[in-house]
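Peer 1: OK, TrEMBL features for this one:
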type	residues	note
COILED	767-794	coiled coil
DOMAIN	141-209	domain 'K Homology'
DOMAIN	213-281	domain 'K Homology'
DOMAIN	285-353	domain 'K Homology'
DOMAIN	354-420	domain 'K Homology'
DOMAIN	497-566	domain 'K Homology'
DOMAIN	643-712	domain 'K Homology'
DOMAIN	717-786	domain 'K Homology'
DOMAIN	790-859	domain 'K Homology'
DOMAIN	863-945	domain 'K Homology'
DOMAIN	946-1012	domain 'K Homology'
DOMAIN	1024-1093	domain 'K Homology'
DOMAIN	1097-1166	domain 'K Homology'
REGION	15-51	region 'Disordered'
Amino acid sequence: MSSVAVLTQESFNEHRSGLVADSAGDEEAPAYKDAFPPLPEKAASPEGTQEPVNAWTSKIRPLKSSVITQVFHVPLEERKYKDINQFGEGDQAKVCVDIMHKTGAHLELSMAKDQGLSIMVSGKLDAVMKARKEIVSRLQTQASATVAIPKEHHRFVIGKNGEKLQELELKTATKIQIPRPDDPSNHIKISGTKEGLEKAKHEILLISAEQDKRAVERVNIDKVFHPFITGAYNKLVADMMQETGARINVPPPSVNKTEIVITGEKEQVALAVAMIKKIYEGKKNATTIAVEVKKSQHKYVIGPKGNTLQEILEKTGVSVEIPPPDSNSETVILRGEPDRLGQALTEVYAKANSYTVSSVVAPSWLHRFIIGKKGQNLAKITQQMPKVHIEFTEGEDKITLEGPTKDMQMVQSQMEAIVTDLVSRMDYMEISVDPRFHRHLIGKGGANINRIKDLHKVSVRIPPDNEKSHLIRIEGDPQGVQEASKELLELASRMENERTKDLIIEQRFHRAIIGQKGEKIKDVRDKFPEVIINFPDPAAKSDIVQLRGPRNEVEKCSKFMAKMVADMVENGFFLSVPIFKQFHKNIIGKGGANIKKIREETNTRIDLPAENSNSEMIVITGKKENCEAARIRILSIQKELANITEMEVSIPSKLHNSLIGSKGRFVRSIMEECGGVHIHFPTEGSGIDTVTIRGPAEEVEKAKKQLLSLAQDKQTKSHTAELKAKPEYHKFLIGKGGGNIRKVRDSTGARIIFPTLDDEDQELITVVGTEEAVREAQKELEELIKSLDNVVEDVMNVDPKHHRYFVARRGQVLRDIADEYGGVMVSFPRSGANSDKVTLKGAKDCVEAAKKRMLEIIEDLDAQVTMECVIPQKFHRSIMGPKGSRIQGITRDHNVQIKFPERVDGPGKGAPVDPTAPKKCDVIVLSGRKERCEAAVEALKALVPVTTEVEVPFELHRYIIGQKGSGIRKMMDEFEVNIQVPAPELQSDIISITGLANHLDRAKEGLLERVKELTAEQEDRSLRSFKLTITVDPKYHPKIIGRKGAKITNIRTEHDVNIQFPDKNDDNQDQITITGYEHKATAARDAIQAIVDELEEMISEDITLDARVHARIIGARGKGIRKIMDEFKVDLRFPQPGAADPNQVFVTGRPELVDEAIDHLLNLEEEYVSTLVEVVEGEFTPKYMSSSEDFPSFGAPVAATNKASPWGPKRF
């Protein structure tokens, strides 16, 4: 008897923990036939006979299942684990559990009488095959063998992407090792079971044998004979392949190879080679003639995609050889039979002369008028003669025409007629205007220039800022050109009269000048409308305010603003007034009335400390006398408050609004009459009756009498009634959208106030109005409440299938019905009661309304259908949209429910048994009314993204992606699509765009537009990369660079170039490199050369100046020396501390300027030395000269002495 073990993970764990007791002795083990009944015979039974029923067939259902079962046998001698005592546990059991985890298959082990192992594996086909491979490798001892096949056959064993090898290993349950391509060995190693080894060996030898039948032949034939082998339009080679069954690969004309490769069966290849050689033998002695054809006409002989050459070959059997495009040769060779060469030559000349190139003289400025708006003028010509190509070259005064000779004469005459007509009625003019005025000529949003264009019917080209050009070009009707140029020059002349002035105004005054919401500066601008006033950005911390406009107006505005600032400085006086904290609110007054009044009357600014601050100081800012007046006013308020009285009066809260009056009119009149007392009413809706009056005792009493008198008058004229109703009735009384209560208001004229959530009495309803209106409204409401108190019970039938809808989500639908219809109680039968009776209890009207609503819901539920929409799972996320926004919109718009399937990851998962049926993971379920579901399905399908491809040159991809992907993200966000750029290693030009169909066109246009921009940028970049060098003596480099790089920066900016000076370690220290547009680089070079020429003319002279006056000449922070250098255009160099001659000063510049500067310096020396002598004699040191800032150590210091120097900083 054999033992059986059904192994699962749970039972294995129980075995290990000892939880399962050994019951082999208590119960009899099942027989082998009971555990594993024999399988039914495969042979089909004759018709009409019934198959024998056994334990297997009795359980089989006539359904196709994706789960299969296979049994594997491991003989005793091949078992890896042979310990019989540990069957069902130990290492063997662990391996089986691990295999089940890895593959997802189910394993059952049993031991045969011969101690062999039987393993039954159940699961899906791929899982079973994987489990089989694992069983063989881990439970069965392994053998190995080698098989030798030709090296060139190895790749057929591996297959595409290794698929064939994987399939072979899975099929035979072996491991197959194929030597690497660089390994010369042809032996393939196989490891696995004996049975698997034999199978794998057989399969490999079968593949090799199949490849032995195939052959590859390479034939070298001169390139010039290839056209005879391929034939016209490749017809001959196609016929040979059809006849022989071999594949013939002839290299294309563009590839300079002579080798023709033939592959196929040996017999087929041999036949094809013979046919090719026969053609070659017949043509190798063919006659050739060479003719000269202009290089420009070669393309017409070749034809589009080489079709003309093929056409000549087909007609005459002659091959025409054209020299390559990069060759300067004009010789065309014809090769073929002698009697056909004449005809071929005629064809070549006919094709060469079939097209003509000519030109029409036309000024370049007329080109765009010839083309017309959107090319409409040219379209008329090209539609008639579509084969003629018209080319305009920018900057050239000609138009190139190319096309068939027969059409050229007509096109040329038409173009010449257009040019003659335009020249006779068009003119142009160029005017010079300073570039700084260009943007003012254009105007805001192009307003000025567009007006001139429309008025004079002309075209005006103003150069862009980066060109730095003065020329403005005007084109159009001669009279219009004259008038437009005149107007533009007048505008420019007016602007030249403009002046820009910088006012120094401390930044702290800027906000005060601008005023609240810009009111004050608006007044200034209104006063000086022609002056533009620009304030600096607050973050810039600048004091410069810029004025620009006509000279006289700028001066007037400058004086006006200077006076404003002077007034502000005068008004900058401030003082602090201590006021008790409890009186601050009284000083402010209600709504800031008191403080506002003091500010306006005294023309001061009053700042109070924050409420949470402990400070009692109130700060007053303004003119001194105004500040004093405001202080007196504030102190008087505090003084009055020291003797105030506070009284409380009880007035019904319902009268408060009428006592306050419209915008506080009534209460304000009482306060004014009673000497400025303060009357405080409680917050509206608080229900408090107490009104507080604060002020002098006699005035408070007077105000109290007036308030009570007014309240009594209001009470006699206004009536209020109160009635109570349960809070749940309030919604029904109000009605949907306030409809019910509006009817009562309209019919009676009374106002009905329902309690708010904050009110204590939630049942109280207040009616306010005239006595009669209140009485009628109260009567109507009482009747409604009475009818609601009349509780009735009603029963309706609801199909049990709908019960779940009403009670789902903790009865949310029922709660909504109760809230809307006066608290109606709806009771459904208990689950499982199988009853359709539903009870409604509440006010009669409410029950009827609730019943009607429930019937409407049931009608909707009965009309509901379920519909499926099949959309591949990969599109679901896109359809849902961000945070499900798109699907929520469809649900809301079409009033349907949409359910998406669970996501299934991995190929093959979720696949149906029937291959024709859709996958579950692709099916979206919709429920609702049929017509709504259908509309929703259409809406869903419209959201399925589609993909289109756009060809974009590979070298532009990185620019389209942008820095860190910013460019492509911007496009994807803008067009709401996904743009896929191929990986760099693919070198592909195709970019994929995926998104909604209505977004794709816009995205494609946007991408192509971006490509155009990038192409233009590339061209511009190429033009800007022009380089030239200039040789300049290194001693002049600092002068060319200028102070803080000012000169070189000016040259760079003016000419829009990059100028690079040599580094310290460079070999060529005299080379300056200029990069930019060619003409601009040349202009920059000329500018640098001009500076060098000027420097070469300069001289340097040294003079002796008393070292004691150096500091005076240099001035505070070098201001004095800079002024001299700027005035005389020279360079001054004072001696360094410790110099051999402390009095020696060098002056460098043009000869005449150096002389003038030396005279000036000597005069200054004489003046300062005389002053120095006077001061020394008077033993007086000016106080203002004591600061070291007045004498920075630019020159040599005066030798230290015990006595302080009369001039210069003090020495201690």
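One is the number of the first residue shown, and numbering goes on along the chain from there.
Placement of Cβ uses the backbone N, Cα and C atoms for every residue, glycine included.
Burial and contacts for the listed features, if you can.
Peer 2: Outside the coiled coil (767-794), and at least 6 residues removed from its termini, the chain residues within Cβ reach (under 8 Å) are 654, 718-723, 725-726, 729, 732-733, 740, 744-745, 747-753, 822, 839-848, 851.
Per-residue pLDDT, averaged across the domain 'K Homology' (141-209), gives 84.
Helix, strand and coil residue tallies for the domain 'K Homology' (863-945), in that order: 37 helix, 17 strand, 29 coil [DSSP].
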Peer 1: Give me the DSSP three-state residue breakdown of the domain 'K Homology' (1097-1166), ordered helix, strand, coil.
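Peer 2: In the domain 'K Homology' (1097-1166), the DSSP-based counts are 37 helix, 15 strand, 18 coil.
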Peer 1: How many helix, strand and coil residues does the domain 'K Homology' (790-859) contain under DSSP?
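Peer 2: Each residue of the domain 'K Homology' (790-859) counted once, the result is 37 helix, 17 strand, 16 coil.
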Peer 1: Just give the helix, strand and coil counts over the domain 'K Homology' (717-786), going by DSSP.
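Peer 2: Once the DSSP states are binned, the domain 'K Homology' (717-786) shows 38 helix, 15 strand, 17 coil.
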Peer 1: For the domain 'K Homology' (141-209), DSSP counts of helix, strand and coil?
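Peer 2: Helix/strand/coil tally for the domain 'K Homology' (141-209): 37 helix, 15 strand, 17 coil.
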